[in-house]
Structure formats: C-alpha cells, structure tokens
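Colleague: Below are the structure tokens for one structure; questions will follow.
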Amino acid sequence: MLSDIASELGIVLVLLVANGVFAASELAMVSARRSRLEQQAADGDLRAKKALQLADQPDRLLATVQVGITLIGTFAAAFGGANISKPFAEYLKTIPALESYADSIAFTVVVLLITYLSLIIGELVPKRLALLHADTIARNLAPLLSWLSWLTRPIVWVLTNSSTLILMLIGQNKKPDSSVTEDDILYMTREGRAGGTVALHEEALISRVFDFSDRTARMLMTPRPDVVAVSANTPLAEITRIAVEHGYSRMPVYEGDSLDRSIGTIYIKDVLPSMLGNDQRQLRELVRPPTYVLEHEPVSKMLSLFRRTGSHMALVVDEYGQISGILTLEDVLEELVGDIRDEYDSNEEQTMVKRDDGSWLIDGSESYAVIADRLNISINDANDFVTIAGYVLNELHRLPNVGDHVAWDDYDVEVIDMDGRRIDKVLIKKRA
C-alpha cells in the first residue's frame, strides 16, 4: 500500500514540476533582457525569435501560461485527493487509535503536502531559477510555449478577449509604456557598478551624458566680468603678452570700449607669424568671424556648432543682445569627461579646494552647476544665476557681508572673502 502511495505521489510531483516549468517561463519571459534576445535573433537563433514574438504579445503569453498552470493544478489536486488520500486513509485505519478520524486526517495531510510541494517545486524554486537565468530559460522554453499557445488558441482567445472586455469596462485597457527612461538607464548603471560589470568611471560618464543634455550655455560659460578680451586697436606684441600672462590661446576682440561691439576672435597662432616674419598685417586683418550662441541654448547643440564652424570659442548673448560671457569647446568637453588640465592649468589657482575637514573653499565665480555636480546636489536648471555667488545673492536678497550664511540642500554656504561688492570666496560644508 505504501508503494502505491509513493508511486501516486511521484505522479503528483511530475505535475508540480510541469507547473514549475510554466511558472518559470512566465517570469523568465518578462525578465529576460530584450537586447540580448534581439542580438541572438539577429544571429539566426530561432528560439530567441520565438521568445521575442511571445514578449511582443503579453496577453497571449499570460493566457497560455495561466491555462497550463490552472489545468495542471486542477489535475494535481484531483489526483491527489482521489488517489493518494484514499489509500493513505486505509493505511491509517489499521491504527486503532486513528481509525475513526482516518479519512479526515488523510485528506488534511495530503492537501497540506501537495500545497507545500506546489509552493516549493511548482512556484518558488522555478521562479528563483527564472530570475537567475531569465535569458536562457526564456529562449529554451519559447518553442514549447509557442506550440502550446497554438494548441490552446481557442481557449486563449476567449480568455484574452474576456480580460480585455473587463479592462475596458473599468477604464484600464491601456498599453503599458515600454519605453526606457533616463532613470531606468541610471538605475541599471548603478546596479551594474554594484555587480562589478560597470566601472566607476563608466557610471560617471553615463551620468554626465544625461546631465549634459540639461545644461545650457549660460550655466557653463565664463561670465563677462572674468572674460579676458582685447581691443581691436591693441598692438600684436601686447596681445601676445596678455596671452602669455593668462595662458590663453584665443581671445575675443571688440571695437571701442565694450565687449558688446565684438568683431570676432583672435588666435595667438595667427599672431605669431605676423610678429616673427615679414607679414605686416594688423590685428583687424587676423580676427576670425565671431560665433554667437544664446544663453539658454542647450549645450548638447554646442558640439555640432563648434564642429560646423571650426571655432573653439563662442560669444554668449543674452535676451537684450549683450555679451554675457564666452563658451569654449573645452568648457563643453569638461562637462562630459570632467576637468581637462593643460600645461597652463597646472600653474593656475584651483577654484575648488577640498580641505582636510571635508569642507570646500570655492571661488565665488565658480559654476553653480559644477559645484552641485561635485557635491551631488539636485538643482533647478531654470535659475536666473550661474555662479555660486549668484546663488548666495539670490538667497540673501541684498549685498552680502563677510560671515553671511545661506543654506543649500544639506550644506551651509559661508561668505568668507569679498572683493568690493563681489563675492570672492565661499566656504561650503555639511551642516551638523
């Protein structure tokens, strides 16, 4: 008798394993990486193509899987109740103390045992495997699911249309948005770094690419007060001296006494031949045509602009047509890859210095967006200021004094040095 129970229990186990196959296939299909399946399908893998076809028809997939799970569950319950509990009850009746309760005990034990095995063998273990090997399981089980979908197509059609009708009645018959968002990519990148498949510098670059699309020319430009420009009447020797003093290879050139009357850009490499040779051309003849961009022009357009014009510097124009600053190719590239330091930069005073206590000593003219990126602070790109000094002024609503404090996210910003009415240095540190 016990051997009969064991053999019948083995049949139930086979049914539960089949249930597990359906459970694993369902989760694997929705968890598999579509990009991986598309690559395999492009290489001629027919199983990957079938997996993609099923993934593109989720209603059909879910209905097919549910039909299989329901039928197997019904068979397992019916077989277990009829074929296992009865001989088990007969066995229990041989025990005098249990004879009166043998049927109830046998039925309860069989139900609990089948439920336990169904959860472990038919659900939890298969789904854990599906999460670990989603791509492989989805690809290998796709032909079976496709065949079952064809075999049960009348039932699948009825179930799919019935569920669609109910969803329409409750106003929820909407197709899910399958588009990948910026947050999705950043999340996958963070997960990849945590798993060791994405390097730290790769994660930083991807994050910078998304930040890059949100930046404007005004946020990255050198503000007008810090721009080194020369008059069109400046002798070439003086221009060379200024370039050497500041370490610049190009500078804006203007008429009269205002940068708003800019006539273009002078490249020092164009000046040197005139000074060293017999070329007697004047500065005006060496000036290259200016390139203009609007303050709120997306930085993402700047690379194509510089490539199209061949220029490495653009004059940033505000809504009144006045020059508000300059933007260079280096400024744009640094937003993507971080600081680019050349032989001149090595001797420059750093505009951001991290101190031993974790605080930051920063120039007032440093970009608000750059600091926010360094400190991992979310900012509003619609602000009317560009520098950290602008942020302080915006918060104080008055001219600052040394010792003034303003809050910025979890940080405290203190004005520690003034140059007349201009904020020269600020100290930023975490609030206690």
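Backbone N, Cα and C atoms are what each Cβ position is placed from, and that goes for glycine too.
Predicted automatically and left uncurated, TrEMBL annotations should be read as such.
Grabbed the feature section from TrEMBL, which reads as follows:
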DOMAIN    1-203  domain 'CNNM transmembrane'
TRANSMEM  61-84  transmembrane segment
TRANSMEM  105-125  transmembrane segment
TRANSMEM  145-170  transmembrane segment
DOMAIN    221-283  domain 'CBS'
DOMAIN    286-343  domain 'CBS'
Colleague: Over the span of the domain 'CBS' (286-343), how high is the average pLDDT in this prediction?
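Modeller: Here the predicted model's pLDDT, averaged over the domain 'CBS' (286-343), is 87.
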Colleague: Please list, for the domain 'CBS' (221-283), how many residues fall into helix, strand and coil according to DSSP.
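Modeller: Per DSSP, the residues of the domain 'CBS' (221-283) fall into 27 helix, 15 strand, 21 coil.
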Colleague: DSSP on the domain 'CBS' (286-343): how many residues come out helix, how many strand, how many coil?
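Modeller: Across the domain 'CBS' (286-343), DSSP assigns the residues as follows: 21 helix, 16 strand, 21 coil.
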